[in-house]
Amino acid sequence: MDKDLLISNIKKMKKEQNAVIVAHSYQVDEVQEIADVTGDSLALSQFCASSQADTIVFCGVHFMAESAKLLSPEKTVLLPEINAGCPMADMVTAEALKEAKKKYPHAAVVCYINSSAEVKAECDICCTSSNAEKVIRSIDKKDIIFAPDKNLGSYVAKKVPEKNIIFWEGYCITHHKIKKDAVIESKRLHPDAILLVHPECRPEIQELADFVGSTKQIIDYARNSEHDKFIIGTEMGVLYQLKKENPNKTFYMMSTGLICPNMKKTSLQSVHDALAKRQYEITLDSGIIERASGSLNRMLAVGK
């Protein structure tokens, strides 16, 4: 089926099923083009929580679709590519987190949204890269277990030094592989460019950046900045929105290897098939929904 026919069919089925298509900023361009909303994990969570649609087609990875189901359990949530997972999310399990809670019984537990529903059920509150600092500041306790991303945890620890952050040993394999030498070389090649990186990068990479922020914050920074040249230190899918909003600005990827294979699995065909076959539906145990949705709703109550 050619692209135009796929898009036409998607629009038709979406209307018939009262469905919305949400896409993370790391999705391929053609998927972002047909989405009703694009953004980072926080923006998409907020959208799903308030959506009046009956069906949410979530173009992202598994934990994101689970989060949409947790926030809107009465809705049908479809994940076009059921094997689109997240290695970082797999680096923490509910069982391991339970053991950490026994080791630090007086600590609060914050989990990055990049985690399974079962893990979210064991934590006090969730966060995203957009609101991690605000979430940490909202917690009364001094000791905080932060899972699974140690790089985001390190970033927050510097912002909120009065807290004792207990790091998990997790990381994003795409951001974590950025090396200091590559950053220095990028800055040498583009001396007039501003370096924007994601807090999932290693601390030594964050220190070299002119700005550290989530994908949405990076997009906002580039839009509002007077500068016209930027080096981008996050997954390359963000270039779609950056170039769309800033046609007269120049963006250089820090590395051509900044690709999340799981985010790239979703295609127009798989979005079409998700609607046509009503696949793949996210289902969660009612007990998990009750416990895990609380951590997400507490995050949303804290705000952006």
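Cβ atoms are placed via backbone N, Cα and C, with glycine included.
The iminosuccinate binding site annotation in Swiss-Prot covers HIS24, SER41, TYR112, ILE113, ASN114, SER129, HIS198, PRO199, GLU200, THR215. Among the features that Swiss-Prot reports, [4Fe-4S] cluster binding site is placed at CYS86, CYS172, CYS260, with the record citing sequence analysis.
Projection of Swiss-Prot feature records onto the structure.
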| residue | record | Cβ contacts under 8 Å, 6 or more apart |
| --- | --- | --- |
| HIS24 | iminosuccinate binding site | THR38, GLY39, ASP40, SER41, LEU44, CYS59, GLY60, VAL61, MET64, GLY237, MET263 |
| CYS86 | [4Fe-4S] cluster binding site | VAL61, HIS62, PHE63, ASN114, ASN262 |
| TYR112 | iminosuccinate binding site | MET88, CYS126, CYS127, THR128, SER129, ALA132, PHE146, ALA147, PRO148, ASP149, LEU152 |
| CYS172 | [4Fe-4S] cluster binding site | PRO87, MET88, ASN114, ASP149, ASN151, GLU200 |
| HIS198 | iminosuccinate binding site | SER129, HIS175, VAL212, GLY213, SER214, THR215, ILE218, GLY233, THR234, GLU235 |
| CYS260 | [4Fe-4S] cluster binding site | TYR26, THR174, GLU235, GLY237 |
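Within 8 Å of the centroid defined by the CB atoms of CYS86, CYS172, CYS260, the record's [4Fe-4S] cluster site, lie the Cβ atoms of VAL61, PRO87, MET88, ALA89, ASN114, ILE173, THR174, HIS175, GLU235, ASN262, MET263, excluding the listed residues themselves.
Within 10 Å of the C-beta of ASN114 (iminosuccinate binding site) we count 29 further C-beta atoms, all protein chains included. Overall, the recorded iminosuccinate-binding residues HIS24, SER41, TYR112, ILE113, ASN114, SER129, HIS198, PRO199, GLU200, THR215 cover a maximum inter-Cα distance of 17 Å.
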